[in-house]
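Here the structure comes first, spelled out in structure tokens, and everything after it is commentary.
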Amino acid sequence: MSTSWSDRLQNAADMPANMDKHALKKYRREAYHRVFVNRSLAMEKIKCFGFDMDYTLAVYKSPEYESLGFELTVERLVSIGYPQELLSFAYDSTFPTRGLVFDTLYGNLLKVDAYGNLLVCAHGFNFIRGPETREQYPNKFIQRDDTERFYILNTLFNLPETYLLACLVDFFTNCPRYTSCETGFKDGDLFMSYRSMFQDVRDAVDWVHYKGSLKEKTVENLEKYVVKDGKLPLLLSRMKEVGKVFLATNSDYKYTDKIMTYLFDFPHGPKPGSSHRPWQSYFDLILVDARKPLFFGEGTVLRQVDTKTGKLKIGTYTGPLQHGIVYSGGSSDTICDLLGAKGKDILYIGDHIFGDILKSKKRQGWRTFLVIPELAQELHVWTDKSSLFEELQSLDIFLAELYKHLDSSSNERPDISSIQRRIKKVTHDMDMCYGMMGSLFRSGSRQTLFASQVMRYADLYAASFINLLYYPFSYLFRAAHVLMPHESTVEHTHVDINEMESPLATRNRTSVDFKDTDYKRHQLTRSISEIKPPNLFPLAPQEITHCHDEDDDEEEEEEEE
């Protein structure tokens, strides 16, 4: 006779983790199929699944798509007066990474941590270190909230722009025709600041995306530039069986229709053998021209799209949700109203940490899933280069051994210089496995600004949302404990603290023996007058009162009952 899970939970000795200390690893999906969790999320509570299109449903191939964007932007700059020599540059995917900051004063690309501390500094193709860095950043620190000076290149669309900025700075710094200055460069009596150069690049990028031929060239060769995944129709059809599915993209309808038609262009439907369905049938609501992040605030006027011409119909749409109708503009409130959903009912899936994830989380309370295509490469290095991580751990052990028997009375000063040099060398080798700017998420032991934003705003993240295919819709994505150093480096073994050695040991806030505590309180209050407050002492909770990030709101459950 089999034992139920509820019976097994009564006895800790029968728990799987106690039967096998490595049990948890056995239940995990393959790394490349995993969805990673920052905040617990119960999938069965999700009533609506929302999608961005660019770099989410439609993943653009790298480096082909970035190369196209780079070439078109360079051509635009040359057409407005920049040197012809720039046409010789070609996009190099090994240099840029997302999350870099461009300093418009000094023309530097910076990699920083969550607090603005410098991790990497590059002026053009030249990596700056030590005293040279401190001349411009005395504390190796920047004020991230100075958005007039510092621009964060956070999106996948920013990658060509990031590399182009490095190319321009390097060219104007080293070309003999120009005189390099601290905040720009001179050509005779003409001065160009890095701020002006940056603005020219921004304007050129916007022109390429909105007025140029980027979309036209993409559509002309979809097979070259867009990833097509046969599992997409299957996942969306399964989502539609358990909830509602909507698309909210900044792209216009004509471009959206061509991209989505290609993504769903299979001879079959969701499964082999089923009949083909148009892409629109996989969504309950389709919304284009969203203008995110404005979409998550006041939004714009909601209008209806004429799908035959791609033009907008006159007037504001005020009716109920109609299947087969494509809408333009609107806001996140509009989506909630049309779908009859509230914030936490919605899981929004996108790639833009600011436009998709941060704003939907902060302004609407939507649950968030961040798509990070670079995660596949990050995981590859993490697993394939494990020897480097193991060597760093070994070097830490060497350091600990040198200091093992020393305390504040010791005059001995171990020579750790060789170990420090080796740590730096191994850390550098590890960083270079990711690319010239290192990992998207860290530099050595320190997490990047991008990593901190992922942890702060994305409830879930993965290399692709297709990974949801490998989980049931009843799944509880449970967040792992985020350990502080005193937790991650101290074993779970009982240690008797000597109160004579450590006066802090008396700061015990737990009531170990409630009967003894009650007796002491009784002794303390015997002589107090009968006129006293209703409650002299708090009582230790006998039921769960703390929020443990399990995504199990008891009030909601009671309402449903």
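Backbone N, Cα and C atoms are what each Cβ position is placed from, and that goes for glycine too.
The candidate list K228, K231, K362 contains one residue that Swiss-Prot assigns to the (2R)-2,3-bisphosphoglycerate site with R144, Y457, namely K362. Just one residue in S6, S332, S418 has phosphoserine written against it in Swiss-Prot, and it is S418. Scan Swiss-Prot for phosphoserine across S62, S502 and the hit is S502. Comparing D54 (active site, proton donor) with K215 (GMP binding site), their Cα atoms are 11 Å apart once rounded. For R456 (dATP binding site), the same-chain residues 6+ apart in sequence whose C-beta sits under 8 angstroms from its C-beta are N38. Here the candidates are the recorded positions D52, D206, T249, K362, S418, and by Cα distance the one nearest Q453 (dATP binding site) turns out to be K362. Cβ proximity to the Mg(2+) site centre (mean Cβ of D52, D54, D351, cutoff 8 Å) flags the following additional same-chain residues: M53, Y55, T56, L57, A58, L156, T249, G350, H352, D356, V371. Put plainly, the recorded positions T249, S418 were compared by Cβ crowding within 10 Å, and the winner is T249.
Neighbouring residues of the recorded P(1),P(4)-bis(5'-adenosyl) tetraphosphate site, listed in sequence order and excluding N154, K362, Q453, Y457, comprise I353, F354, I357, L358, K361, V454, R456, A458 (Cβ within 8 Å of the Cβ centroid).
Under the three-state DSSP scheme, D54 (active site, proton donor) falls in the strand class.
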